[in-house]
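Student: A single structure is presented below for examination.
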Amino acid sequence: MTTFCRVLLIFGIYVAVCCAQSVEDDVFHFTNPSQGNAVWILDESSLPWTGGYQFLRSISGMPTTLLSVVDSSTGVTLGQCVAPQDATGNFSKRWERFSWELTASGLDCTFEHGAAIRVEFDRTQNPRTFSIRIQSITGPACLRDVVVQTEQATGCPPHLSRNSFTANALNCSCPFLDAANEDSEIENEDVDMLANTPQFPLFKGIDPSVLGSANPPTLPPSPCANHECHNNGTCLVSQEGAATCLCRNGFTGDRCELDVCSSVPCQNGGVCRSNNGIAYCECPPAFTGLLCESAHTDESVAPICRPECSNGQCVFKDGQAQCECRQGFTGANCNVLDVCLGDAACSMFGPLAKCVLDDNMDKMSSLTLINGTYDCLCPHPIHGQFVDCMQLHAPSATSVQPTEQVVINNVTPSFPVLEISKLPTGAPVTFTATSTTLMVTQPTVTVSPTHQVPSEPFVGFTVTRAPLRPLDIGSTTLPPPFNQHIITAGEPTWSSQQPHQPSEVPTQTTFIFPQTPETTTFAPTTGTQQPVHKFVSPSVPDENEEEEEEETTEETEETFPTPSTMQVATNGQFTTETAFVTSTIPSTTTDMEETDEDEDMTEEVTDSSTQPSTTVFVQPTTTFTTEAPTTTMEEEEEMTTDQVEDIESEEIATTTTQTSLPFWMTTTNKQVVPDSPTPMVIMPHPQPDEKMETSTEGVVDEESDEERTTVPESNEEVVTKNAEATTPSDITHHHTSSGKQSSAAASWIIAIIALIVLGLLLLATSLFILRYIRQSRKLHGKYNPAREEHNLSAAYAMPMSHIAKEERLI
């Protein structure tokens, strides 16, 4: 019995809570008394539109406005359903029934006890869109049983699936539910459901006497109570709480007190109209003009429109010639596209947004077809009126945080901006003094003496980098066809050079790509000047040159003949040396190894020292063995003979030297000024039988002998005053390429060992798994304890066949 009572108790509690919840979910009220509303937006295609609900009158004592219909395009209130006063002076607290029916011509309001009101709308030729509103300012205190087009609102907050609406501050429950005096017994039971709930220790209900004695909350007076709007204007409360007047068409002012047509005297029966605060006269068909002061001429004459109609026809309209535009066009001469056709221009703001052309588009005249300007209007979520969508979706001005002003300073680029410049065609001239600068893979590279070992093939050189500095460019003369490929950096030119003491020694560099012999001369300059760098674009080698190179290729080496020139000053005079540089590359060298060597050279170039002075050291007694290409010896001899004849007239010795360079070549102009604090260069005149040798990264390249051309008139050696020109013998050469090969071999060995160890581990794991499987099968598959016991007993038992029949019977 006790268990049955407990079950009944729990069931009663559940029923009471469910009933209370259903009552609360079926009753609604506006939590914001000043801005709460529910808005539907309709067009004429949705009419007739019906609905209804039960309501409690407004607690303010003013007439309760149950429904308002506003023209969305103009904001004019077309009609309202106001609850009639009762005997209690609108203070009756009981549920009342209200229903409505909206048509294109008017609004029908029906109240209980048969009371009905009909509100007629002003006729218009233009299609209308309606904004139907239930507002909390003077609206009902609570609502329930809301039905629209036979669909009842459900949920909390309420919603309709087929007749959706936008609501603001509309929530479930009603704080005045206990004070409502219902007439019917069913309504009394619904209202007193919470009051008559059984009282249990854990669920104590609310005492009805407490709710009945509580004073209803008082609302502050509306700002529109003391704000009167004239000429049938509508008072609205803004978001800031200020009262504003929404004026009818034709009136303006803070309180709609100004009539825009009062100062426009239309003549000859014309009627003053206004559009957005602008008054104009609507003239009868027989008159025209600003004030309808002019009579029309004979309309039988074909109308002539000025300017001519582009996308329409000229017709008489209201007594004057006007352009009647086709669909999709507007303007005075129908040359303005109606971009609002179909409202696709404002579709990004939602389905309720509409596109409206500017007012002056119908009067705009254009000789060419242009797009019309428009505005996107969206219904305001509070009062439902159409406002600018950009202002509606833009953030409030008060929510914008101040940001710091970004100051952009002029930033000097860290790279040279190159441009193609025209080269002068004047005669080449020599310069006073120069130093040697080489360009490898960085924008600018300088050559300076150091005890660090450079990368192959720059033996005895240290390549350094320095900050970029603007420099001036001198004139340059190059033989065709390479002069059109010179890229100069304009003024100023950005170059990389360490700061050094002022001197009259400008530095000049020419960068020549493979197979491009080049000679560059510069005009003499004085004063402090930084090195200027020239870049020569690579030229495509001829097929004949490639064939000649293939003919001179042997089994063990490959030669690339690349002539270059060098100028050296001797006792204040200039000596020009013409060197035919031949680079030998072993036949076993691959492209990948060449790339590795280039990368090693680039890395050492980056890490080298940055001394400002630049000097090339040449060993006087060194020997160099190489093999000159047989196909180019005659050309070399002719070139050398021509240069010797020119040099003999100037008493300058010409010597042919050779050095080891990479597949590109460098034309270097070197001059040494006597009494200069920088180290000088000694360029001896080697004898025909002498040999020169150079070391590149500790590897000596052995090459075949080559004939050397010397001038018999000059047998003296060049002696400098301030420095010895011998190559430093304490330079330590590094085997960069061999080091990389050894590291690669070590990597392969480690990888092979790792693979072997991994294979052994896999083999051991496989053996372990196989052994486990065999043991598992033996234990779980073939092994049977009963069978084993039987076999064991049979083995030790005496066979019955050896026992006599009599003994077996016993």
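Along the chain as shown, residues are numbered 1 onward.
Quick reminder: no glycine exception, Cβ is built from N, Cα and C everywhere.
Pulled these features from Swiss-Prot for this protein:
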COMPBIAS  522-531  compositional bias 'Low complexity'
COMPBIAS  542-558  compositional bias 'Acidic residues'
DISULFID  CYS224-CYS235  disulfide bond
DISULFID  CYS229-CYS245  disulfide bond
DISULFID  CYS247-CYS256  disulfide bond
DISULFID  CYS261-CYS272  disulfide bond
DISULFID  CYS266-CYS281  disulfide bond
DISULFID  CYS283-CYS292  disulfide bond
DISULFID  CYS305-CYS314  disulfide bond
DISULFID  CYS309-CYS323  disulfide bond
DISULFID  CYS325-CYS334  disulfide bond
DOMAIN    220-257  domain 'EGF-like 1'
DOMAIN    258-293  domain 'EGF-like 2'
DOMAIN    301-335  domain 'EGF-like 3'
SIGNAL    1-20  signal peptide
TOPO_DOM  21-748  topological domain 'Extracellular'
TRANSMEM  749-769  transmembrane segment
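On this model, are these features tucked inside or out on the surface, and what's nearby?
Tutor: Counting every protein chain shown, the Cβ of CYS235 (disulfide bond) has 19 other Cβ atoms within 10 Å.
For CYS229 (disulfide bond), the Cβ neighbour count at a 10 Å cut-off comes to 22, with all displayed protein chains included.
Other Cβ atoms within 10 Å of the Cβ of CYS256 (disulfide bond), summed over all protein chains shown, number 21.
Cβ neighbours within 10 Å of CYS261 (disulfide bond), excluding its own Cβ and spanning all shown chains: 16. According to DSSP, CYS261 (disulfide bond) sits within a helical segment.
Sequence-distant contacts of CYS266 (disulfide bond), defined by Cβ-Cβ distance under 8 angstroms and a gap of at least six in the same chain, are CYS272, CYS281, GLU282, CYS283, LEU291, CYS292.
Counting only same-chain residues at least 6 apart in sequence, those with a Cβ under 8 Å from the Cβ of CYS314 (disulfide bond) are ALA302, PRO303, ILE304, CYS305, GLU308, ALA321, GLN322, CYS323, GLU324.
When secondary structure is read from DSSP and collapsed to three states, CYS323 (disulfide bond) falls in the strand class.
Long-range Cβ neighbours of CYS334 (disulfide bond) (same chain, at least 6 residues apart, Cβ-Cβ under 8 Å): CYS309, SER310, ASN311, GLY312, CYS323, CYS325, ARG326. Mapped onto three states, the DSSP output places CYS334 (disulfide bond) in coil.
Across the domain 'EGF-like 3' (301-335), mean pLDDT in this model comes to 83.
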Student: Any idea what the Cα distance is from CYS256 (disulfide bond) over to CYS245 (disulfide bond), rounded to a whole Å?
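Tutor: Rounded to a whole number, the Cα-Cα distance is 7 Å.
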Student: Counting other Cβ atoms within 10 Å of each residue's Cβ, which of the disulfide-bonded residues CYS272, CYS309 comes out lowest?
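Tutor: Sparsest of the disulfide-bonded residues CYS272, CYS309 by Cβ contacts within 10 Å: CYS272.
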Student: So, three-state DSSP: helix, strand or coil for CYS235 (disulfide bond)?
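Tutor: Where CYS235 (disulfide bond) sits, the three-state DSSP reduction gives strand.
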Student: Long-range same-chain neighbours of CYS247 (disulfide bond), Cβ under 8 Å, sequence gap at least 6?
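Tutor: The list for CYS247 (disulfide bond) reads CYS229, ASN231, GLY233, GLY253, CYS256, given in order along the sequence.
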Student: For CYS247 (disulfide bond), which DSSP three-state class applies?
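Tutor: In the DSSP reduction, CYS247 (disulfide bond) maps to coil.
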Student: Whole-number answer please: how many Å between the C-alpha atoms of CYS261 (disulfide bond) and CYS224 (disulfide bond)?
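Tutor: One finds 27 Å between the Cα atoms of these residues.
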Student: For CYS323 (disulfide bond), just count the other CB atoms lying within 10 A of its CB, please.
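Tutor: Its Cβ shell of radius 10 Å holds 25 other Cβ atoms.
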